[in-house]
Each structure stands twice: as structure tokens, then as C-alpha cells.
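**Student:** A single structure is presented below for examination.
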Amino acid sequence: MVAYKFTYFNGRGAGEVVRQILAYAGQEYEDNRVTMEEWPALKDGTPFGQLPLLEVDGKPLAQSHAIARYLAREFKLNGKCPWEEAQVNALADQFKDYSSEAKSYFYAKMGFGPGDVETLKKDVFLPAFEKFYTFLSKALKQSGSGFLIGDGLTWIDLAIAQHSADLLAQGADFGKFPDLKAHSEKIQSIPQIKKWIDTRPVTPF
Ligand code: GSH
């Protein structure tokens, strides 16, 4: 049997999609959460000096999306054909672009970066959010299935549903995107995902 060890900080962040793939698959793994005090001693031993990190039978794999893609392939959450897989990857890459665009807002909001949160919200976050969520809305219309790509769950549904849930919990206005609110609720009520959400460690982000 394959042994999985997943290492990240004690937060959802870039690690949560991986944990949700494993939860959906019912796959046992070691959920290793390191503290900021432990991290400096571990950093140089990781492939790129960052977390998350998945170890598969002791072999390390870095980069959250590479890990998600690998596990999604193992557990059939990558779409039903190469074309769907490519569409999932395109949305995932767009999610990274959106995250980079809005990064200064998210960092300031979490207290990790400089700047006035309200100014960054107006100038940085809201334009990025509207642009990206318009793309997501188009994807939902195109699939017509309630999932972003094709007619079944893929790992990008898990990633986006969690991000939407985080935004909704912070009071974000989904008035223009009721379809994405419904998407988040639908994905997060899948029994294995709901069970994980109900029992996972409670963290602020
Ligand atoms: N592109 C990487 C991924 O998606 O895995 C980014 C990873 C990343 O930014 N990791 C941060 C980290 O390891 C935490 S979210 N920070 C500690 C450090 O850089 O020393």
C-alpha cells in the first residue's frame, strides 16, 4: 500500500485542495502540520524551499498544483478525457493568475503584508474577483452540470469551492455570482467533503 505524508502549515491555504482530494478519495495519509518555529530547520530539505510537500513512499513532490494534479490522476478527479483534463488545468492556471493579481489584498487582510485593506479591496481585489468569477460563471454555464468542467467532480471544483467559501465567510458580495455561491455549497456538501470540513482543524485561513 502507498504511504502518503502531506506537510503544510496549520492552515488551509495552498494545502487545502490536496487534503480535500485525499478526503474525497477516502485515502489515509499523515496530515503533518508544521509550526513557523519548526519551519526554518526543514526549509532547505524541501525541493523548492516552500510548502506544501507531498511524500509518496518517502519520495517528495512540491508545488500545490502539481501535487493536486498527481493525486487527481490517481483518484480520477482530473476530468473524463485529456480535453477535460486540459480544461481543468486551464482554470487552475487562471486561478493562480487571479491569486497573484489579488495577492497584495489577501496578504494585507491576513496581516502578512503592508497596505490599507479597504483601499486594496477596492483597487486590487474587486477587479480581479469580478474578472475571474466571470470566467468561472461562463464555465458553469458551458458545462450545465453544476460542476466547472464536464459532468462530474474535478479537483478544480474543490479548489474553487473552498476559495468561494472562504470569501463568503469574510462577507464577500456574491450578488453578481449566485451560481458560484451555489457551486460552493453543492461541492462542500458532498458527504466526504462535508465530513472533512466538519472535522478538520479550525484555522483562520
Ligand atoms: N507555488 C507554490 C505552491 O503553490 O505550492 C507556492 C507555495 C508557497 O507560497 N508556500 C508558502 C511557504 O512555503 C506558504 S503558502 N512559505 C514559507 C517560505 O517561503 O519560507
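Backbone N, Cα and C atoms are what each Cβ position is placed from, and that goes for glycine too.
Look at TrEMBL and you will find 2-79 tagged as domain 'GST N-terminal'. If you look up TrEMBL, you'll see 81-205 marked as domain 'GST C-terminal'.
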**Student:** Summarise the model's confidence over the domain 'GST N-terminal' (2-79) as a mean pLDDT value.
**Tutor:** 98
**Student:** Looking only at the domain 'GST C-terminal' (81-205), how are its residues distributed among DSSP helix, strand and coil?
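**Tutor:** Output for the domain 'GST C-terminal' (81-205) reads 90 helix, 0 strand, 35 coil.
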**Student:** Of the residues in the domain 'GST N-terminal' (2-79), how many are helix, strand and coil by DSSP?
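**Tutor:** Computed counts for the domain 'GST N-terminal' (2-79) are 29 helix, 19 strand, 30 coil.
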